[in-house]
Amino acid sequence: MENSAKENIQLFSKTIILPIDRSSSKSESSASKEKQTCCGGIKIFLGALSFVYFAKALSGSYLKSTITQIERRFDIPSSLVGVIDGSFEIGNLLIIILVSYFGAKLHRPKIIGVGCLIMSAGTFLIAMPQFFMGRYRYEIFSSSTNSTVSISPCLQDKNQIPLSVLERSQAKINAGCEKDVGSSMWIYVLLGNLLRGIGETPIQPLGITYIDDYANEESAAFYIGCVQTVAIIGPIFGFLLGSLCAKLYVDIGFVDLDSITITHNDARWVGAWWLGYLIAGVLSVLAAIPFWFLPKHLPRPESRKDSSTSSEQSKFIIEDNREHHRSYEQQVKILEMAKDFLPSVKNLFGNPVFFLYLCASIIQFNSLIGMVTYKPKYIEQQYGQSSSKTNFVIGLVNIPAVAFGIFSGGLIMKKFRINVLGAAKLSLGSSFFGYLLLLSLFAMGCENSDVAGLTVSYEGTKQVSSYEETLFSKCNSGCICSKNEWDPICGENGITYVSACLAGCKTSNGSGKTSVFYNCSCVGITASPSRSSSAVMGVCQKGNECPKMFLYFLVISVITSYTLSIGGTPGYILLLRCIKPQLKSFALGIYTLAIRVLAGVPAPVYFGVSIDTTCLKWGSKRCGGRGACRLYDSNAFRYIYLGLTVVLGTMSIFLSIAVLFVLKKRYVPQDENITANGGRGMVSVQNRKDNFVNSDYLIQTTYWPEKETRL
């Protein structure tokens, strides 16, 4: 009987236990499959988003590399180039609010795909003027061309020029003016960049929040760091592409290159700026393809299914429990979403951490955008480098330092599990030491080139008076010269002259780049008796110390770029963790909008206007009027360019200190918060204990007005 009873008990146990084992096995298999699907989906999206960031970054950086090319091609000042550069931000401004707010409720991957197609259309439009405007013409003296008529550079008598030559020259100018009057082709560049801005709008706010929603908490910062790091590879290729295109003449394939009389170092040189935009447009089309096959939602990770917030957000935001039950995936009518718009804006700007960080970012981006936009021009003018070499150096040396810095910031956040307060400290520290290093660049500049009548007198002494009055001197008083031309020659005395005529040259030999001028009366003033008063085409090289200064500049610039970039990822995490999870896309949209409007649009313009004030010699258009600047005051350029950057950076540091102060003031130990909030706080903390990075968190207090945590 006992044996029978035992057998019955064992049989009963098996019948009960076996189904439980099957259910458990099935549950584990389902969880494993779901986890695999989630990880696979987020990694596919991560790869697609990274390629989009690469494409848009390549296009944007290529625009920066062609700033001087566009300026010279369309004969416009730096201030107008700044407006063209800022049109990208204006495009963002037009739809950023709608995309960031309503886009979070719709199919985010497909919206990003549409944006890529619009971005490619704008990129193609930028290149179109090259195919509709005439060939590039620059200021040049007649003797530099392959003309059968030998003309003295110093025109002592207009009668020495054959009438047929004058008539043909005047006819060409008149024909060119008739064509130029009806066209301002730079407007197409502006409109194309505007369209690029519209297409780029959904990529950042929708892409970053999609990752933050469906990635593991500990991996989110690392993934964002990876995306931004891959995005930095885009500028590397963008500037290298700019370097390659800058070596090619603008009208390559349409003109005889042997007839070109200028070199890559000449201030009139224009490369094949349009070619890179065609390549960038194709990449944008390819980047759009994967997003049409990605789902609207991905399965949430197991660690985030029990809460609609991330663990760190739950430490910094106390919400009403009713908000937790609202499904993010439920269908909401557009009218109902619109009703929550104003309360959402009120909630964001009522958050002092978000508001102070926003103000600090606006000022810092004013500094960084202005610095990056005109960095190629600064290197060209300050150190006498060609556009091709400048873009190559920036792409191969400077940009990788930025990529490594951003990646390091994300890796530090992941490895040490830094919370929001630590992220704020890391961001502040990187900015402080970065701008401190920038101060040393004031001592690493080159002196002005010796240009007769502009920076030095014709006797070789330093210039102090107005250049228009001193371009003419006794040595060229017998010549009929124009003060508006810029066709520089380098005398044997090491001084550059604005033109062969103003140098008083009587004869010339050769043609094009090989032209040599003799019997130059102005060169003979300062030349030693053993030397002949001759000159060659082009500008003289800067002083012997300039190459060494350029090397020092590169070293400090690389270290500064790395230091400033470390704070990039911590800044994003600070932004995402100090707000409600339902408002992440909207907050990023507001943040992006503010950066575009208050930094991206005005910074290139007022930096450009300030830089224009340092111009010593303006070029002239074919039909009269001021063209692009040919020569800058190196010292004034350096003080204005670096001065604006450092002053704005210092202001942003003070605001970042205020952000850190507010965070510290609101950062309390866990035990104190449990005592203040009672049982509900204890239960909440206990439920989320495993997800905490540490035991501290930020709470909402009563002295912050309008700080309700629900919509």
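Even glycines carry a Cβ here, placed using N, Cα and C.
Remember, TrEMBL labels are computer predictions, not curated facts.
Look at TrEMBL and you will find 40-59 (among others) tagged as transmembrane segment.
Note on the domain 'Major facilitator superfamily (MFS) profile' (45-667): its mean pLDDT in the predicted model is 81. Look at TrEMBL and you will find 45-667 tagged as domain 'Major facilitator superfamily (MFS) profile'.
Residues or ranges marked as transmembrane segment in TrEMBL: 80-104 (among others).
The annotation transmembrane segment is assigned in TrEMBL to 110-128 (among others).
According to TrEMBL, the transmembrane segment annotation covers 220-250 (among others). For the transmembrane segment (220-250), the list of distant contacts is 42, 46, 49-51, 53-62, 64-66, 69, 73, 130, 136, 207-208, 211-212, 257, 260, 264, 270-276, 279-280, 310, 386-392, 394-396, 399-400, 402-403, 406-407, 409-411, 413-414, 568-569, 572-573: same-chain residues at least six beyond its ends, Cβ to Cβ under 8 Å.
Among the features that TrEMBL reports, transmembrane segment is placed at 270-294 (among others).
Feature annotation from TrEMBL assigns transmembrane segment to 354-372 (among others). Using a Cβ-Cβ cut-off under 8 Å and counting only residues 6 or more beyond its ends in the same chain, the transmembrane segment (354-372) has close neighbours at 64, 348, 431, 564, 571, 574-575, 578-579, 587, 590-591, 594-595, 598-600, 602-604, 606-607, 641, 644-646, 648-649, 651-652, 655-656, 658-659, 662.
The transmembrane segment annotation in TrEMBL covers 392-412 (among others). Long-range neighbours of the transmembrane segment (392-412) within the same chain, counting only residues 6 or more positions beyond its ends whose Cβ lies under 8 Å from a Cβ of the stretch, are 61, 65, 221-222, 224-226, 228-229, 232-233, 235-240, 242-243, 375-376, 379, 385, 418, 426, 430, 554, 557-559, 561-570.
Per TrEMBL, transmembrane segment is recorded for 424-444 (among others).
Taken through DSSP, the domain 'Kazal-like' (469-524) splits into 10 helix, 11 strand, 35 coil. TrEMBL lists 469-524 with the feature domain 'Kazal-like'.
A Cβ distance under 8 Å defines the sequence-distant neighbours of the transmembrane segment (549-576), meaning residues of its chain 6+ beyond its ends; these are 208, 212, 221, 224-225, 228, 313, 353-354, 357, 361, 368, 379, 383, 385, 393, 397-399, 401-406, 408-410, 412-413, 418, 420, 422-424, 426-431, 433-435, 437-438, 440-441, 444-446, 584, 587-588, 591, 659. Residues annotated as transmembrane segment in TrEMBL: 549-576 (among others).
The feature transmembrane segment is assigned by TrEMBL to 588-609 (among others).
TrEMBL lists 640-663 (among others) with the feature transmembrane segment.
Stretch with the largest number of CB pairs closer than 8 A to the transmembrane segment (270-294), among 110-128, 424-444, 640-663: 110-128.
Within the chain, the transmembrane segment (40-59) has long-range Cβ neighbours (under 8 A, six or more residues past its boundaries) at 109, 112, 116, 119, 123, 196, 200, 203, 207, 210-211, 214-215, 223, 226-228, 230-235, 237-238, 241, 277, 280-281, 283-284, 286-288, 290-291, 294-295, 298-299. Of the candidate ranges 80-104, 424-444, 588-609, 640-663, 80-104 contributes the most Cβ pairs within a distance under 8 Å of the transmembrane segment (110-128). Where the transmembrane segment (80-104) meets the stretches 424-444, 588-609, 640-663, the count of C-beta pairs under 8 angstroms peaks at 588-609.
Through the fold, the transmembrane segment (640-663) approaches residues 352-353, 356-357, 359-361, 363-364, 366-368, 370-371, 374, 378, 420-421, 424-425, 427-428, 431-432, 434-435, 438-439, 441-442, 574, 607, 610-611, 613-614, 698 of its own chain, all at least 6 residues removed from its boundaries and within a Cβ separation under 8 Å.
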